[in-house]
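Okay, structure first, notes after.
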Amino acid sequence: MNIHEYQAKALLRQYGAPVSDGRVVTKAEEAKTAAGELEGPLWVVKAQIHAGGRGKGSFKEASAGEKGGVRLAKSVEEAADETAKMLGRTLVTHQTGPAGKQVNRIYIEDGSGIDRELYLALLVDRVTSRISFVVSTEGGMDIEEVAANTPEKILSFSVDPATGIQGFHGRRVAFALGLEGKQVKQCVALINTLYQIFVEKDAEMLEINPLIVTDEGDLKCLDCKMGFDGNAIYRHADIAALRDETEEDPKELAASKFDLNYIALDGEIGCMVNGAGLAMATMDIIKLYGAEPANFLDVGGGATKEKVTEAFKIITSDQNVKGILVNIFGGIMRCDVIAEGVIAAVKEVGLEVPLVVRLEGTNVEKGKEIINNSGLSVIAADDLSDAAEKIVKAVKG
Ligand code: ADP
Ligand code: MG
């Protein structure tokens, strides 16, 4: 689960990390008061969406030469003006995809004088099973680009969970970033704080890009992206409260309410599968036969008829879906329950695209019987490749 920049900064502030003063607004009328509460003489007006690259992004229907989603203002009036110009519009960045994201909140922040822009991130390194730091002198840029073109400018190391974060970690970062004097002490404190937030809040990703050295020579977190482990959110009511459902794919949101593991993808074949491994295999075999999956969907081991119906509804609500493949292995799950769910769902939402069903396992005969007697035009398949071949053929002809 991701949160907005202003929420991440509130968390940083709460833990004592250096951030600027700022106010969030959702209505243009609130902007003047909000900006007036900040010191000036420079204000930064920042669109809040769950995507990076806002500064270099552009709004849909932008006027010629119009700026992106991060704008400087030299007065309270100008800050209010820029807020009004951005609210409600759609911002497209290299991370949003061409559809962009609607800007519903604006963060107005004290402007900082910048001497240097640096990069700092924490993430879970799946290879070492540890929390890793990624550090670079090339802040304010895409780290992927830095990694591709100048990998020598990136320092990466992981922290041993048995000993935890130590002073030398912070000093190592400070050295790599070329910090000096008081900045070294500030860096050590910041590294400790970020690690503490990461562990205590079950974060998955914490990126500060840029971390800056101000004109006064102090470190400051100028931008912040944070993501949290969805499976641990139940332990953190404060983080759960920060969820902004308008930022999420409506289909993924509906799926999460029914405890379905669903990820929307770009292809044309909707998949309903039980078990993550089988779901991955199904996606692979669809690709092998020349089509693309429209989603990953694992209905889980103990799915009920209601859950299957809901899953079916989510798949059919996707305009890109030109065919559906149901691939179920009845282990814990019974094939007849799946069959009933599919039939109930088709009756409820209708079926406008070809549907291939492959059932195997517990009560498979009963399941097939239910489908064959349903009077619906369902294409039955015997095994995985037969199913994939049939659905791809039905969609592509
Ligand atoms: P994004 O990464 O989405 O483009 P950032 O918050 O990193 O958004 O802002 C982009 C750039 O705008 C930063 O690299 C920095 O140069 C400038 N900027 C952002 N916030 C401030 C601020 N408070 N004061 C001065 N400049 C800022
Ligand atoms: Mg940034």
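Cβ coordinates come from backbone N, Cα and C, glycine included.
What you see is a predicted model, and the numbers here were worked out from it, not measured in a lab.
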One of Asn261, Asn274, Asn373 listed by TrEMBL as binding substrate at the site of Gly331, Ile332, Met333: Asn274
Those binding-site residues listed as Ile332, Met333, and which of them has the most Cβ atoms within 10 Å of its own Cβ: Met333
Entry from the binding-site residues list Gly53, Gly331 having the most other CB atoms no farther than 10 A: Gly53
Which listed residue (Lys46, Arg54) has most other Cβ within 10 Å, given these are binding-site residues: Lys46
Cβ under 6 Å from ligand 2: qualifying binding-site residues of Lys46, Asn209, Asp223: Asn209, Asp223
Binding-site residues near ligand 1 among Glu109, Asn274, Gly331, Ile332 (Cβ under 6 Å): Glu109
Cα-nearest neighbour of Gly331 (substrate binding site) within the listed binding-site residues, Lys46, Arg54, Glu109, Glu117: Arg54
